[in-house]
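Only one structure is covered here, and it is reproduced in the block below.
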């Protein structure tokens, strides 16, 4: 069981809850999602409550995260898109903290569950659709008719644009889920090699050096991937929000 690279993604029911035949149990995934929100909120509170003129290192990290999201949203959707800043910033911090939490031993990576990443993606696309129709009415549908397209191929282009739009939550969720899943499986496999070889005596310990070095290298790479996936998720969210703010562009 310890060497099974898939076991780390198992969903365990901690508090069974059944409501009308619907399983609403509190699981390890639920617990670490709550932990993610608490840690992210606590970090932002502690780093934003300082009164000193010179920011601490943690304050600087918090400010960089703020500026990154604000700049990405402003560049993608303009000043009108800044009303979505709390939403996008919350998504960024949740994905980032969830990714980092999962890199520590015995901690769960909630973003390795497709149901979690797909729910986040549906939240993004649902917000885009709701705001698009709320703000522009049926003018939001201009999103599916790019300007300058010859009339004869408009039906084909509209069909392609609709399929592309509907595939966004799938691509957005699978990208995050697959990267976190693959990275953790690879890390677990190399760590398993280290444990297995070390149990073979002196010769095995010598042979475990290379897998150990690979494990350290992959761990460092996973921290980079954890940030990059939060970065990509946020940038794409900003681009999708631009479609809701400026559907005719």
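Cβ coordinates are placed from backbone N, Cα and C, and glycine is handled just like the others.
Residues annotated as transmembrane segment in Swiss-Prot, with sequence analysis given as evidence: 26-46 (among others).
According to Swiss-Prot, the feature transmembrane segment maps to 84-104 (among others), an assignment based on sequence analysis.
Residues 29, 33, 84, 87, 91, 94-95, 140, 143, 168-170, 172-174, 176-177, 233, 237, 240-241, 243-245, 247 of the same chain sit 6 or more residues outside the transmembrane segment (114-134) yet have a Cβ under 8 Å from a Cβ within it. What Swiss-Prot records for 114-134 (among others) is transmembrane segment, and it gives sequence analysis as the kind of evidence.
If you look up Swiss-Prot, you'll see 143-163 (among others) marked as transmembrane segment, on the strength of sequence analysis.
Tertiary neighbourhood of the transmembrane segment (185-205): same-chain residues 2-3, 5-6, 8, 211-212, 214-215, 218-219, 222, selected by CB-CB distance under 8 Å and a gap of 6+ residues from either end. According to Swiss-Prot, the feature transmembrane segment maps to 185-205 (among others).
Swiss-Prot lists 208-228 (among others) with the feature transmembrane segment.
Within its own chain, the transmembrane segment (26-46) has Cβ neighbours under 8 Å at 11-15, 17, 58, 62, 93-94, 96-98, 101-102, 107-110, 113, 116, counting only residues six or more beyond its boundaries.
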